[in-house]
Each structure stands twice: as structure tokens, then as C-alpha cells.
């Protein structure tokens, strides 16, 4: 009797472990997060290059040129292992030159990279101009450094502390914990700006009634251009295809193209109030997505609860709020505020911009609806079937990736 009971308990334990291993909340490859360099898989070509560098470093230096080559190979090897070094040196050089110059006005050529430009005299408002592109470009480098530094120096040791031994799972946690950090800052920052504006709780009429918003407060412009830099940096990594593409790679590329078009058009044509609301909907929902995936990697009992919160915020922010904005384009765009095309006064809220705004937001909504279908399918299986298998995750599961990792170590 005891033996039979023990066998039954063992079977339950095995089944529970199997079910947990099949859990794929952590493998939901949707949302806007793009992997960083620190989380990229090591290819055969990169391994061969590393071997060549190590061979060159261990060789004898017969000439001065050999010593220079060793210095160069040493730097390349360090940069290969710590990909944040190059952007760090660029940032240090630019910041040092700017602050040591003693000139922190817009007459300094470096000002357009380090600080926002076009301050309206005697006010906290800032206009827009071509120099804003320099700011976005420089902070693309900043976000590259921040992402890789946090992953390599802060998050990776933390995953070791949490006893995450699988390299594959560790890399996935690097991506998601960075997303938690970024969205955990940008989401509340955006909500703070919204709270101190006339848009609180996603009001739509002020988006059109006060148009055009030609100047923005300091924090608003910092937030908007910072988000532009973040998304542009993400897009660059995505286009380079430094990681094996996800199954929804085309949808992800399409999502980034639409997002960048929305950022550019909303900024240039003064629809930044609408852009602020859309930024917030993406950041807050992505925070809960990354949090649920991270908890899943840690086999936390809170995973289902947080995943439920994620589903709620995703539906409310990415669908209810976004569809309300779409509806406002059809019902309020013409009637609230000026509705005229006038290049002299920068009035672009007219019959030309209405369909463009609607199509771009609708395109974003279509991608989100596709991802919602996948989310609800996982939620259904979680509730009714007790599994969380995601059929649209990478072709290799966590388990197969970890098996390959073990084979490589054995070889």
C-alpha cells in the first residue's frame, strides 16, 4: 500500500515538473522588446574569430607593429566580451569635451548631442528643429551602452545570485529584466507628464483642441526624444538580425516601422499629445509582460497572477485606449480645434493628415490584435488545460536550447 502510494506521489511530482517545464509564459515572443548584444547567441564564426584573437595575443612580439596589433586585438577581445565598452568610450569623450569646454550654450557644437535645443527665451518651452536628430542619434548610443552595461554588470550577476544556471535562460532573463528596468522608468515618467497636462486618463479632446503644439515643456521634450532614441536603437538591432528571427519577425519589423513613422510624423507635424498617450500604452503593458516572463523563468508561484495582470493591462491599454484614440480621430479630429492646412502657421490638422493618422494607428492596432490572439490562446490553455505552450515561440524550446548548450560543453 505504501509502495503504491509512493509511486503515485512520484508520478504526480514528475507530471508537475513536466508541466512546469512546458510552461511558456517566458517564451511569449510578442511585444516590442528586441534582444541586446549581451543576450545574443554565440555563432560559430564569432567563436573562430575569438580563437584567432587569442592566438594572436599569445604569440611573440618581434616588432613594434606586433605590439600595436596585440593592443588592438586585446581591445577587440574585451569589447567582444563586454559590448558596452565602445559606446562607453564614445559617451565619455563627448561628455568630457562638452563639460570641460565651459560653454554649455547652444553655440557649443556638442550641445545639440548632449542637451535638447531650441529653448524659447525666458521660458521652459522648447521648439523643434533639425538639431533634435543629433540628440536622438547620440542617445541611441547612450541606450546601447545602458542596455549592455546593465545586462553585463548588474543583471547577469543577479541571475547567478538567483541560481539561474542555464545560459539560455539567463540570456532570456537579461532581455526581460532590462525591459522591466526601462519600462519601469519610462512608464511612470510618461504618466507623470500626462498627469501634469490636460491629457490625464487618456482624454482625447485636448489632443485636437490645443493643436498645434509647436513647443513642448522641458520634461515633455526629453521624454519624447528619449523614446525616439530608444525605439530607433531597437530598430537598428532588429534590422541587423543579430539573433535568430522570431516566428513573428515580420510582424515585429512591421510594428517597429509603424512606430517609428508615428514618432516622426507626430513630432514633425505637432501631434505629440497623441504620441504621448501611445507611448504610455506600450510601456506599461510591456512592463507587465516582461515581469511575467521573468517570474516564469524563476519558476515563481506568482507567474499566473502577474500574467493575468499583464493580460488586463494589455487589453485595456493597447486595445481599449488605442481604439478610443482611433474613434476620436473619426469623431473629434475635424470638430475640435482648427481644421485647416496652413504651412505658414504650421497647421497640419486637415483632410490630408486625418487618414494618415488613422491608418498608422490602425496598423499598430492590427499587430496588437494579432498578438492579443496569441495571448488569449495561452491564457485559455493555462486556465482550461493547465498548460502554457506557445505554438508561435522560437522553433527551439528552452529545453532543446539547454540540451544543445550541454552538448557544446561536453564537446
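If you go along the chain as it appears here, the first residue is 1 and each next one adds 1.
From the backbone N, Cα and C atoms, a Cβ is placed for every residue, glycine too.
Database features, via Swiss-Prot:
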{"type": "DOMAIN", "residues": "168-385", "note": "domain 'TLC'"}
{"type": "MOD_RES", "residues": "23", "note": "phosphoserine"}
{"type": "MOD_RES", "residues": "24", "note": "phosphoserine"}
{"type": "REGION", "residues": "390-411", "note": "region 'Disordered'"}
{"type": "TRANSMEM", "residues": "82-102", "note": "transmembrane segment"}
{"type": "TRANSMEM", "residues": "131-155", "note": "transmembrane segment"}
{"type": "TRANSMEM", "residues": "173-194", "note": "transmembrane segment"}
{"type": "TRANSMEM", "residues": "218-240", "note": "transmembrane segment"}
{"type": "TRANSMEM", "residues": "250-268", "note": "transmembrane segment"}
{"type": "TRANSMEM", "residues": "274-295", "note": "transmembrane segment"}
{"type": "TRANSMEM", "residues": "306-334", "note": "transmembrane segment"}
{"type": "TRANSMEM", "residues": "354-382", "note": "transmembrane segment"}
Using a Cβ-Cβ cut-off of under 8 Å, list the residues of the same chain that are 6+ residues beyond the ends of the transmembrane segment (218-240) and lie near it. 32-37, 116, 124-126, 132, 135-140, 142-144, 147, 182, 186, 189-190, 192-193, 197, 252-253, 256-257, 259-260, 263-264, 267, 272, 275-276, 279
Paired segments the transmembrane segment (274-295) and the transmembrane segment (131-155) in contact, 3+ CB pairs under 8 A: no
State the non-local partners of the transmembrane segment (250-268) in its own chain: residues 6+ outside its ends, Cβ under 8 Å from one of its Cβ atoms. 32, 34, 128, 132, 224, 227-228, 231-232, 234-235, 238-239, 274-275, 278, 282, 356-357, 360-361, 363-364, 367, 370-371
Compute the average pLDDT of the predicted model within the domain 'TLC' (168-385). 91
